[in-house]
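*Asks:* Below is a structure I'd like to ask you about.
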Amino acid sequence: MSQGNLYILSAPSGAGKSSLISALLEQDQANTMMVSVSHTTRQPRPGEENGVHYHFVSVEEFELLINEGAFLEYAKVFGGNYYGTSLPTIEKNLAQGIDVFLDIDWQGAQQIRKKVPSVKSIFILPPSLAELEKRLIGRGQDSAEVIADRMSKAMDEISHYNEYDYVIINDDFTRALADLVHILRAEKLTLAYQTEQNQALINQLLAK
């Protein structure tokens, strides 16, 4: 069985990353893809389920996992809450041939590249800052102050786009989703992947 690929997806809030991931997984009838579910010490929000949206743990449990080396990456964010990506879960799924997606920011991406040089990273850009702000306002979830803060963070996030392997501009959702699918397909056509997948055939073709 071929090893699955590990992907990083990053984007500023409002760029459509979560919607693209959801649409991608809906197309995955063979169940060959999954999004890593992060651990966090923050309290669940209304509608969030443990093990589905996040693994909700105490600070003590999280710090124990840190000491055990259980995280591929982790960070303590503004507000004092921890977020982390489980290493054993990712390794298990990759070994089963499942492609794993990490929905993380540029700081987490930098940590992971140091530990897993083979990881492929994709950055989702909005068509403009005006459109990004329009989408955030259109959600109807945040105050003007929160939106202003999100826009400030978005500009910081966008400034790291050039650290990624692929860039998708989400000006048209259908086209952006197709671009994402094409990236994943291209990664299955690399020399390394095809050699591993079709070694018997290649040996037969080269046999004298």
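Cβ from N, Cα, C; glycine included.
Pulled from Swiss-Prot, these are the listed features:
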- ALA11, PRO12, SER13, GLY14, ALA15, GLY16, LYS17, SER18: ATP binding site (BINDING)
- 4-185: domain 'Guanylate kinase-like' (DOMAIN)
*Asks:* To what whole number does the mean pLDDT across the domain 'Guanylate kinase-like' (4-185) round?
*Replies:* 93
*Asks:* So, three-state DSSP: helix, strand or coil for SER13 (ATP binding site)?
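*Replies:* Where SER13 (ATP binding site) sits, the three-state DSSP reduction gives coil.
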*Asks:* From the centroid of the CB atoms of ALA11, PRO12, SER13, GLY14, ALA15, GLY16, LYS17, SER18, the recorded ATP site, which same-chain residues not already listed sit within 8 A by their CB, in sequence order?
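*Replies:* Here the non-site neighbours turn out to be ILE124, PRO126, LEU132, ASN170.
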*Asks:* What are the non-local neighbours of ALA15 (ATP binding site), defined as same-chain residues 6+ apart in sequence with CB under 8 A from its CB?
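*Replies:* Sequence-distant Cβ neighbours: ILE124, LEU125, PRO126, LEU132, ARG135, ALA154, ASN170.
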*Asks:* If you count Cβ atoms within 10 Å of each one, which of the binding-site residues SER13, SER18 comes out on top?
*Replies:* SER13
*Asks:* Just how many other Cβ atoms lie inside 10 Å of the Cβ on GLY16 (ATP binding site)?
*Replies:* 20
*Asks:* Are there residues of the same chain, six or more positions away from LYS17 (ATP binding site), whose CB falls under 8 angstroms from its CB, and which are they?
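*Replies:* The answer is LEU9, SER10, ALA11, ASP103, ILE124.
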*Asks:* Measure from the Cβ of GLY14 (ATP binding site) and count the other Cβ atoms within 10 Å, all protein chains considered.
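*Replies:* Around the Cβ of GLY14 (ATP binding site), 23 other Cβ atoms lie within 10 Å.
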